[in-house]
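What Swiss-Prot says about this protein:
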{"type": "COMPBIAS", "residues": "1-10", "note": "compositional bias 'Polar residues'"}
{"type": "COMPBIAS", "residues": "27-37", "note": "compositional bias 'Low complexity'"}
{"type": "COMPBIAS", "residues": "646-677", "note": "compositional bias 'Low complexity'"}
{"type": "COMPBIAS", "residues": "679-688", "note": "compositional bias 'Basic and acidic residues'"}
{"type": "COMPBIAS", "residues": "718-727", "note": "compositional bias 'Low complexity'"}
{"type": "CARBOHYD", "residues": "Asn21", "note": "N-linked glycosylation site"}
{"type": "CARBOHYD", "residues": "Asn242", "note": "N-linked glycosylation site"}
{"type": "CARBOHYD", "residues": "Asn291", "note": "N-linked glycosylation site"}
{"type": "CARBOHYD", "residues": "Asn540", "note": "N-linked glycosylation site"}
{"type": "CARBOHYD", "residues": "Asn645", "note": "N-linked glycosylation site"}
{"type": "CARBOHYD", "residues": "Asn649", "note": "N-linked glycosylation site"}
{"type": "CARBOHYD", "residues": "Asn652", "note": "N-linked glycosylation site"}
{"type": "CARBOHYD", "residues": "Asn662", "note": "N-linked glycosylation site"}
{"type": "CARBOHYD", "residues": "Asn669", "note": "N-linked glycosylation site"}
{"type": "CARBOHYD", "residues": "Asn673", "note": "N-linked glycosylation site"}
{"type": "CARBOHYD", "residues": "Asn688", "note": "N-linked glycosylation site"}
{"type": "CARBOHYD", "residues": "Asn722", "note": "N-linked glycosylation site"}
{"type": "REGION", "residues": "1-54", "note": "region 'Disordered'"}
{"type": "REGION", "residues": "646-727", "note": "region 'Disordered'"}
{"type": "TRANSMEM", "residues": "381-401", "note": "transmembrane segment"}
{"type": "ZN_FING", "residues": "66-122", "note": "zinc finger"}
Amino acid sequence: MRAMDTQVQSAERGLVLPPMNSTVSSATAATTATNTDTDTDGDRDEERESLAEDGSEWVPAYMLTRDRSRYLGHFLGVDKMLEAVKCKYCGVIIRRQGNSISMAEASQTHLWSTHKIDPNANYYSGWTGVEAGSTFMVRPPLKNHQGGSATTNSIANLLEIDEDFLKRTREKEMALPLVQSLAIIIASENLPLSFVDNTAVRLLINQNANSLSFIDHDLILNAIRSIAYNLDRIIQRTALRNNSDLSLIIDKNYLLMDPTDRSNQLSNRLKNQLFEMQKINFFSLSHSVWNNTISILSIQYYDDFHSQVKTLPLIIQNLHEYNNDPKLSIPAQLLKISQELPGLQNTVISITLPRSQIVDLLNVMDSQPFFPNTYTNAKNYYHNCIISIINSAILPLFGTPKSADITHPRQSSFSKEPLTLLDSLIDLSNIDISNSIFSRINSFLDDLQSNSWQLDKFRSLCEKFGFEFVCSKFDLSRYSTATVSLQTFLNLRPIIEEYQSSIQIEKFNEIDFQIIDYLLITLNSINRILKFFTSSKSLNFTYVLFAIMSIEKHLLSTLGSLQFQRLIAPFETFLSKIQEFKTILFSDDMNLLAMFLCPAILFEREVLEYSFHTISLSEIVDKLSTSIFSLLKRFLNLHTIGNVNNSHNTSNHSNMNIHTDNQTNNINNRSGNNSDNNDNEHDNDNDNHSNSNTPASRIDIDPTGGENSVLPEQQPQNSNNNLSFGSLSDTHHLSDSTISKEIDSIFLQIIQEDLYDYLSTVNSIVPISYRSYCEQSNFIRDSGRFKKRIITEDSIIGELEQPMNFIEELLDIHVPVCNAFWSQYLDNDAGPIIRILFKIMQCQSSSSIRGEYSFLNDFIPRVHPDLTQEIIKIKLFNDQFVASKVDYDLDTLQTASQYLP
């Protein structure tokens with residue numbers, strides 16, 4: 001071990017203070033940082049930092065994890081899960097708490113709020129005595145390897161030094177970080193380069209850099225190009241880091257010949273590898289086109305640190321420049337990614353595209369595969385964008401498709417306001433609304449505004465009823481105006497009814513207002529779905545099928561109450577489209593797996609039977625185990641080294657070079673314990689299933705309920721890859737294929753154990769969670785449906801019960817309860833398979849369109865016309881990261897996420 005700089009140790013607490021002069025305050029420590037990783041900077045002595053206390057040995061936290069975040073250098077830990085860390089400065093122990101901020105965020109907040117220490121400061125670097133309370137960081141002077149400081153070498157004093165040259169050099173070094181910051185600001189805000197020519201800006205620059213000579217337009221342009229290039233390199237480094245965590249290396253020199261002992265060895269090694277897999281950043285891709293001008297192929301991943309889904313553009317192309325160019329095709333773009341970012345495809349789970357693109361792509365990619373050919377179902381890789389599905393299905397509510405034989409006048413937008421996110425999601429450009437209620441409303445408002453006498457009369461009626469007249473017409477180019485127009489017109493109903501009684505016009509009757517009401521309720525609910533799936537919320541891929549089924553139920557319920565054909569026909573067409581797409585989505589194995597990880601679905605008997613053709617959860621586990629095995633086996637690169645040592649026996653077990661951890665030690669008994677409990681509650685007729693629309697009772701978890709299903713430890717010998725532990729042959733020659741089969745058998749068992757543990761936990765927690773959530777949020781359940789309890793101030797009325805449609809139930813009740821379940825489950829006893837699956841589902845793109853890109857609706861680059869791609873990349877990165885603190889030469893996506901503003 002390397003020696004660490006002189007340290008001061010507290011006698012009372014035995015804490016190791018930072019390697020600094022005793023006269024320097026802790027506030028001074030906040031000012032020091034370097035741009036290198038914790039494991040390469042400074043000298044350290046881990047033994048002197050270690051602390052034995054209450055039977056636990058506290059060691060430097062960075063030694064327990066592969067995470068190289070600098071804040072870890074300021075803490076001690078006791079286990080590799082880092083359930084608790086001890087501050088080296090004050091001895092405070094920070095523990096992982098459920099349903100709270102992450103451990104990393106809590107630790108960094110403690111450093112800054114308590115000790116005024118920058119979490120990005122390197123604990124092991126040199127400390128510079130600047131003024132206490134200073135908020136900027138100072139790099140320590142370079143050391144002369146022959147002794148002394150580079151600035152005190154006597155030989156240097158004998159040299160003739162060009163003072164002007166040194167001054168210019170120092171000015172340039174001081175200006176470069178400022179140029180980078182200016183480049184980030186200009187690109188992120190889409191400012192013109194003339195921004196830096198502003199007198200106030202240049203005065204501010206001069207005060208910070210003491211020089212203006214190096215701040216010019218070319219320097220900023222080069223900085224923008226450099227940052228954008230380095231963003232791709234950050235993704236590249238992340239991909240390489242992912243690949244390093246994929247190798248499962250088995251040293252046959254240490255394998256025991258006894259089948260049972262060898263099974264335990266391989267099981268522990270595999271569980272260790274699964275623990276490492278949890279650190280991988282899984283990715284998904286998506287493609288979208290904005291404003292019919294900008295094509296973007298983006299990457300999406302889940303940020304563990306902030307519990308947020310983040311997205312970054314990979315390829316940005318101007319459609320006007322590449323009109324009908326083969327470079328715009330999805331296969332060409334995927335090929336470009338695999339060439340420029342080698343290794344990235346190894347951890348890309350899928351790509352999400354509009355339905356029309358997927359149909360074309362599946363026929364092409366067979367000959368040019370981007371994903372490995374391990375799945376028999378290609379739909380596992382190519383997901384349908386739920387936004388494009390809804391867009392295609394909802395069009396009949398607005399009118400009929402425009403005829404190609406008829407020339408329709410091009411409508412200009414009524415509003416000068418910027419386009420909203422909703423405007424970019426639904427395209428109505430090919431819809432003829434002439435026979436719809438929207439056309440009637442627009443005609444009424446046009447006639448009203450064209451006659452000043454009628455307009456004055458209408459406004460006087462508005463004043464009489466206490467309304468302010470606002471002309472809210474439906475703009476075909478702005479989908480968001482649909483609900484605004486309907487709601488405004490509905491609010492004006494009493495005024496309209498009185499007005500039209502004295503005017504000879506086509507009158508709005510009761511049916512018209514009912515149509516408006518039905519449309520408004522449906523469109524408001526659909527808009528909530530659209531916003532949900534374009535947000536950065538994690539787990540929204542898990543709710544894709546749930547959302548489609550909720551829309552279907554809402555439409556069926558609405559059609560059951562409609563009595564006029566004018567609205568029945570478009571709603572039936574809408575429903576038919578949704579049901580067609582539902583069938584397509586159910587053919588996607590990844591969607592089925594995602595639905596299984598939505599706890600509320602497990603209580604829906606009809607849904608389970610439709611999805612898996614059985615209501616037996618044990619049979620469902622058997623089916624899903626195979627899918628999960630195929631999915632995760634792709635990320636287990638098995639490598640065997642060495643030869644079997646025949647002299648090894650059970651006494652040599654301690655020589656096995658395998659490290660178990662606290663998480664994996666408790667897994668082995670889960671399935672057995674859960675199965676014993678579940679057997680006592682088993683009912684062969686499955687009468688315990690809830691047939692209501694909501695989780696009202698326990699689900700029946702029966703590991704032996706399936707015709708061919710048994711518990712993992714009860715599996716008979718299988719001549720194929722699935723070998724039970726008892727069938728491992730006692731041979732003196734273990735081939736690679738034999739070891740691979742044994743690993744596969746153990747892997748399958750771990751998968752099934754975790755799935756049964758998940759079902760058992762859902763069974764015990766979710767029903768209680770629904771009751772608790774409804775009580776706290778004023779929801780009540782009546783005959784399988786939810787209602788909102790509204791408490792009024794009227795003593796006679798008391799409280800009202802407001803019915804909820806199926807979409808409202810999904811977003812207001814099911815999603816919050818399921819999210820709370822996952823937060824609690826992951827903070828406690830979730831197994832490694834479930835944790836990996838959860839992370840994979842979090843990274844999946846449910847929509848090819850994300851809200852973060854909505855600024856592209858009317859985007860025009862102001863920096864430079866040739867830097868559109870670079871500007872978009874930097875803006876999106878800066879919106880989601882602290883771009884000014886990122887080390888573009890060293891950071892990965894994981895480490896870049898941990899910088900605090």
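Placed from the backbone N, Cα and C atoms, the Cβ positions cover glycine too.
Feature annotations (Swiss-Prot) mapped to structure.
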| residue | record | DSSP class |
| --- | --- | --- |
| Asn242 | N-linked glycosylation site | helix |
| Asn291 | N-linked glycosylation site | coil |
| Asn540 | N-linked glycosylation site | helix |
Under 8 Å between C-beta atoms and at least six apart in sequence, can you list the same-chain neighbours of Asn540 (N-linked glycosylation site), or say none if there are none? Val309, Phe532, Phe533, Ser846
Can you count the other CB atoms that lie within 10 A of the CB of Asn291 (N-linked glycosylation site)? 13
Rounded Cα distance, in Å, between Asn242 (N-linked glycosylation site) and Asn291 (N-linked glycosylation site) is 35
Over all shown protein chains, what is the count of other CB atoms within 10 A of the CB belonging to Asn242 (N-linked glycosylation site)? 24
Under the DSSP assignment, what numbers of helix, strand and coil residues are found in the zinc finger (66-122)? 18 helix, 10 strand, 29 coil
Average the pLDDT scores across the zinc finger (66-122) and report the rounded value. 82
